[in-house]
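S.K.: To start, I am sharing the structure in question, which I have written as structure tokens.
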Amino acid sequence: MTVHVAPCAAPTADPTTREVRTESGQREVFCGLTGIVWLHRKIQDAFFLVVGSRTCAHLIQSAAGVMIFAEPRFGTAIMEEKDLAGLTDANDELDRVVTQLLARRPDIKLLFLVGSCPSEVIKLDLSRAALRLSQRFSPDVRILHYSGSGIETTFTQGEDACLASLVPALPAAQDDTPSLLVIGSLADVVEDQFKRMFDALGIGPVAFFPPRRSTALPSVGPNTKILMAQPFLPDTVRALQERGAKRLVAPFPLGVEGTTAWLRAAADAFGVSPAEFDKVTEPNRARAERALAAYKTELAGRRIFFFPDSQLEIPLARFLSRELAMQLVEVATPYLHREHLAEELKMLPLDVALTEGQDVDLQLDRCRAARPDIAVCGLGLANPLEAEGITTKWSIELVFTPIQGYEQAADLAELFARPLVRRAKLVA
Ligand code: SF4
């Protein structure tokens, strides 16, 4: 069985020469602290201590507000005015908070000190704090630091900074056995599906990064092959490459086509024959294509506009245009890593308008002029656009929801169909 290709999906030009509009200006994005919301669920013995202000605490609480935990695994060491004014020694305060936390929570094995705008403004050196506290609490607790500060970032960069900070802690591979390292947070259910698929293909050993437990960190070395599950991890990839790992060239596992090409990149690297690959993946591909068909009826021909937010925009646009025949009005992304996204760019229609960066007023003007059927955007833009009659999809939901792999392809399509159906009912 072959993947359905939409009529608009003509073969495209060299991705390195594609024309991209670059914009800078006012931005409407969440900061990197937001990544804590999904990372704390993924690494189950980690704690994320934001060193920040009440604003940072509110952001985390409201972003994570849908989840209720008896013992949450994130918190904020709130810097009061006297800290910000330099009237107290913020390092002493931080040591006191960490000591209290670890005494109360012996289940914490990995503590991230997460920097914020306020901690950076007062130049609180969290790298030294992490080193100092590590000496005190090692080996029971590993203490690392990264920045989630939001001045020039978007929210998925928090995961990149977090994982990059963890790379130096990975043990060195002890032998020459080739291994696969899948990087980027995936829902456990998706991870389990991929693990079964790799097992069926005879690919292994396979590890996922971040791991579910910090006490089971994957090893890395020159025979480690990196397969990116998320497109927003350039610093993590660089840090792993500095440890000798090699990145496999692949698109991202969104939709049937992306998942197949992603798995095939691993299969090729591990010498799996094309016949064996087809035999293992065919039933899943066929099932996923059948499930997608219903959504194609709903979505084909609908016009979609992406505001830059999650960094998932380009793989999503590729999936929606090629497998569901949606029309791409504009695809904007906060940062365009041409090397990591090369396979995706090759598959986008030639005439799509690509934008890197944000000048929100100009983008809103273009969106209003184009009147797309649906706009994918951050929470801050969704309400005004809905009020103007433009249906929206929150991009942050696409990071929280399991969307990768064959089993989730139809669920991903549904995420775009649902708001359109709802709007149709409202205006009927
Ligand atoms: Fe805190 Fe800065 Fe994020 Fe605002 S943008 S929540 S001040 S880190």
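Glycine too: its Cβ is placed from the backbone N, Cα and C atoms.
All TrEMBL annotations are machine predictions without curation.
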S.K.: Can you say which of 1-21, 85-105, 127-147, 274-294 is given as region 'Disordered' in TrEMBL?
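M.R.: Region 'Disordered', as annotated by TrEMBL, spans 1-21.
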S.K.: Since TrEMBL lists C31, C56 for [4Fe-4S] cluster, which candidate among C117, C162 does it give for that site as well?
M.R.: C117
S.K.: By a 10 A CB contact count over all chains shown, which of the binding-site residues listed here is most packed: C56, C117?
M.R.: C56
S.K.: If one looks at the chain holding C31 ([4Fe-4S] cluster binding site), which residues at least 6 apart in sequence have a CB under 8 angstroms from its CB?
M.R.: L59, S116, C117, G148, S149, G150, I151, T153, F155, G158
S.K.: Within the same chain, and leaving aside C31, C56, C117, name every residue whose CB is within 8 angstroms of the centroid of the CB atoms belonging to the recorded [4Fe-4S] cluster site, in sequence order.
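M.R.: Once C31, C56, C117 are set aside, the remaining close residues are G32, L33, G52, S53, T55, L59, S116, P118, G148, S149, G150.
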